[in-house]
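Since the structure comes first, as structure tokens, the remarks are kept for the end.
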Amino acid sequence: MELRFPRFSQGLAQDPTTRRIWFGIATAHDFESHDDITEERLYQNIFASHFGQLAIIFLWTSGNLFHVAWQGNFESWIQDPLHVRPIAHAIWDPHFGQPAVEAFTRGGAAGPVNIAYSGVYQWWYTIGLRTNEDLYTGALFLLFLSTLSLIGGWLHLQPKWKPSLSWFKNAESRLNHHLSGLFGVSSLAWTGHLVHVAIPGSRGEYVRWNNFLDVLPYPQGLGPLLTGQWNLYAQNPDSSNHLFGTTQGAGTAILTLLGGFHPQTQSLWLTDIAHHHLAIAFIFLIAGHMYRTNFGIGHSIKDLLEAHTPPGGRLGRGHKGLYDTINNSIHFQLGLALASLGVITSLVAQHMYSLPAYAFIAQDFTTQAALYTHHQYIAGFIMTGAFAHGAIFFIRDYNPEQNEDNVLARMLDHKEAIISHLSWASLFLGFHTLGLYVHNDVMLAFGTPEKQILIEPIFAQWIQSAHGKTTYGFDILLSSTNGPAFNAGRNIWLPGWLNAVNENSNSLFLTIGPGDFLVHHAIALGLHTTTLILVKGALDARGSKLMPDKKDFGYSFPCDGPGRGGTCDISAWDAFYLAVFWMLNTIGWVTFYWHWKHITLWQGNVSQFNESSTYLMGWLRDYLWLNSSQLINGYNPFGMNSLSVWAWMFLFGHLVWATGFMFLISWRGYWQELIETLAWAHERTPLANLIRWRDKPVALSIVQARLVGLAHFSVGYIFTYAAFLIASTSGKFG
């Protein structure tokens, strides 16, 4: 018999319709559902694919370094980071003739180029890279790592090198190795790089392999470490008039706790960063020796979980049974990993702009905006994925007998309470926030702005004051000069920190008012509603009041309206699908808020945000409409400009986004009819009918059409905002 796609499912391969192709693509990575799969082969396949993933990442980062070295302007950017625009790569084939060539020839380049808004120039500069040769060396090294990863992946698919199932199930050893080896050793190595290469580089000392062993990163070398005088490493830090990359104002300290920002680069002190990584390394190296493996010492996770019986018995059997439930469910583990990674990614977005670590990145406004938005969107997709795999866990892996009356079972037992509380919180936030916005809109429309309801965020202001912001006049903790909190750190990190918090030119603890109060609650509404949909989708995945157990229906069971027995109540796939819209919606509000707040800060007209953000028309008119003017003006009677490409992308993004609705607002029968009409016409058209297909064309399933619609909606939404964000920011600040 001929081999047809998909080879992993004989049932699908024999399907006579086009369903074979689409279902084949959809289940290609669902190894669990493949023919002849065993638990051991499942783990081995996933393990080997991780190497492929690493190879792709190394290749991609290698490409970044290579193209900047080849076509960029790294060496001239270093001479003047604030005024030279960093080049990502050349544009081979600029369409639209001479005007396009002129519009895109910038940054000192000979021909058309793309500008880098990723912050890689600032990062490479901070960590000690200085020449194009450095970049080429890095690119080649990463290419080598990529090749190594591919070989590793191939090797671990060979019979002799396939790890056994027991190896994959050995959670303690894996944790020890990942905590010590992955986090601990790599943090220690990074501290070493910062101390030996980056910090000398920031002081005008060029350290490479040829002089690595001759240049002492600290005048007394290891002396202070071996004699216990560790405080010496913090003495003589860089002065406040230090010029980054030169000896002027440079100190000799390597591990400090200065607090605040380097006055010239507006980024964290490199010696503070090294100190931070050393502390992280220390913690993780200890943490990686906590669990019991071959030596009979340390904690057994199973024993820990079994021993934790809640006092008084009011919380059931605590964590009994959880170890095996988690250790035997890849989906549970993936859900936990995605949830953690999602939170970390969002935290990265928040900290990259408020506590910038890379030299001069805080003054590259477009890069700041792009990085914040990028990391928030990534976080949103990762977090929704966590709940999707949580739902799949309940359907495929959850065993009620194994988890009787433990914390997991009790979550399911009182899911109605959880869901209804989330629902109540969402309703409260939604009605009150919208009510305030609409009231304020009406007041402005009728010319009585003084009748707006404006609420000062006093609790948030109090928290900012506790961290040392003096604007609001709260005399509390770090903003009180005679309290114990202030006195404890006054001679170490506090002067630097307090200067940073109270200087209004950076993004640390921005001054907040009624507009911030409202948009904060709008974002809270989005977060709670997204969470409600996702939590309900996971908790009801196996069954609900209407349908007690749907284990055999699988995950991608469609919600098909009340006529089909109320299946919407329990379709985990549909919950995920709805949640992604809410996730995108919420991140829209988050990024609008961040961007508008910062544009007014950077332009020095914060009153525009403060006055216009308290009503919806203000957001529509003074943020969206006002800032899209450059995009609408991308092509005009005077020819092209460097924003034209973003103007085109803005239009194209809207088009992709709108295409999504064609798939979202339609019935399956319509598609089937359309496809049969097209097939009929094709078969009766001369020349066209020379091309035949073997598979009978059938319409997409309900779930597939929703996926196609969702994909277009998401991609279009993000493209549109990306173009808006980059054009409106770079158009203002260059």
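Note that Cβ sites are derived from N, Cα and C of the backbone, with glycine treated the same way.
Feature annotation from Swiss-Prot assigns transmembrane segment to 46-69 (among others). Beyond the ends of the transmembrane segment (46-69), by six or more residues, the same chain brings 31, 86-89, 116, 118, 120-121, 132-133, 135-136, 138-140, 142-143, 145-147, 149-150, 152-154, 156-157, 163, 168, 330 to within a C-beta distance below 8 angstroms of the stretch.
Swiss-Prot lists 135-158 (among others) with the feature transmembrane segment.
According to Swiss-Prot, the feature transmembrane segment maps to 175-199 (among others).
Residues 172-173, 175-181, 183-185, 187-188, 190-191, 194-195, 198-199, 254-257, 298-301, 357 of the same chain, all 6+ positions outside the transmembrane segment (273-291), place their C-beta atoms under 8 angstroms from a C-beta of that stretch. The annotation transmembrane segment is assigned in Swiss-Prot to 273-291 (among others).
Note on the transmembrane segment (330-353): residues 42-43, 46, 362, 368, 371-372, 374-376, 378-380, 382-383, 385-387, 389-390, 392-393, 396-397, 507, 594, 598 of its chain, located 6 or more positions outside it, place their CB under 8 angstroms from a CB of the stretch. According to Swiss-Prot, the transmembrane segment annotation covers 330-353 (among others).
Positions annotated as transmembrane segment by Swiss-Prot: 369-395 (among others).
Annotation comment: Swiss-Prot describes 417-439 (among others) as transmembrane segment.
Taking Cβ pairs closer than 8 Å, the transmembrane segment (517-535) reaches residues 384, 387, 418-419, 422-423, 425-426, 429-430, 432-433, 436-437, 455-457, 460, 575-576, 578-579, 582-583, 585-586, 589-590, 593, 613-614 in its own chain, all 6 or more past its ends. Marked as transmembrane segment by Swiss-Prot: 517-535 (among others).
Annotation comment: Swiss-Prot describes Cys559, Cys568 as [4Fe-4S] cluster binding site. For Cys568 ([4Fe-4S] cluster binding site), other Cβ atoms within 10 Å of its Cβ number 16. Taken residue by residue with DSSP, Cys568 ([4Fe-4S] cluster binding site) is part of a helix.
The transmembrane segment feature in Swiss-Prot is assigned to 575-596 (among others).
Summarising the annotation, Swiss-Prot assigns transmembrane segment to 643-665 (among others).
Annotation for His654 (chlorophyll a B1 binding site): same-chain Cβ neighbours under 8 Å, separated by at least 6 residues, are Gly716, Thr720. The secondary structure of His654 (chlorophyll a B1 binding site), as reduced to three states from DSSP, is helical. What Swiss-Prot records for His654 is chlorophyll a B1 binding site, and it gives sequence analysis as the kind of evidence.
If you look up Swiss-Prot, you'll see Met662, Tyr670 marked as chlorophyll a B3 binding site, on the strength of sequence analysis. Residue environment of Tyr670 (chlorophyll a B3 binding site) contains 11 other Cβ atoms, counted within 10 Å of its Cβ in all protein chains.
Residues or ranges marked as phylloquinone binding site by Swiss-Prot: Trp671. Residues near Trp671 (phylloquinone binding site) in space but far in sequence (CB under 8 A, at least 6 apart, same chain), listed by position: Ala699, Leu700, Ala705.
Remote same-chain partners of the transmembrane segment (707-727), defined as residues 6 or more beyond its termini with a Cβ less than 8 Å from a stretch Cβ, comprise 117, 366, 369-370, 373, 377, 577, 580-581, 584, 588, 591, 595, 627-628, 630-631, 634, 643, 646-647, 649-650, 652-664, 700. According to Swiss-Prot, the feature transmembrane segment maps to 707-727 (among others).
Mapped onto three states, the DSSP output places Cys559 ([4Fe-4S] cluster binding site) in coil. Met662 (chlorophyll a B3 binding site) and Cys568 ([4Fe-4S] cluster binding site) have their C-alpha atoms 21 Å apart, to the nearest angstrom. Cβ atoms under 8 Å from those of the transmembrane segment (643-665) belong to residues 96, 100, 103-104, 628, 630-635, 700, 705-706, 708-724, 726-727, 730-731 of the same chain, restricted to positions at least 6 beyond its ends. Rounded to a whole number, the C-alpha distance linking Cys568 ([4Fe-4S] cluster binding site) with Tyr670 (chlorophyll a B3 binding site) is 21 angstrom. Comparing local CB density within 10 A for the binding-site residues Cys559, Met662, the maximum falls on Cys559. The list of residues near the transmembrane segment (135-158) in space but at least 6 beyond its ends in sequence, with Cβ under 8 angstroms from a Cβ of it, reads 44, 47-52, 54-56, 58-59, 61-63, 65-66, 68-69, 72, 74, 124, 129. Comparing Cys559 ([4Fe-4S] cluster binding site) with Tyr670 (chlorophyll a B3 binding site), their Cα atoms are 18 Å apart once rounded.
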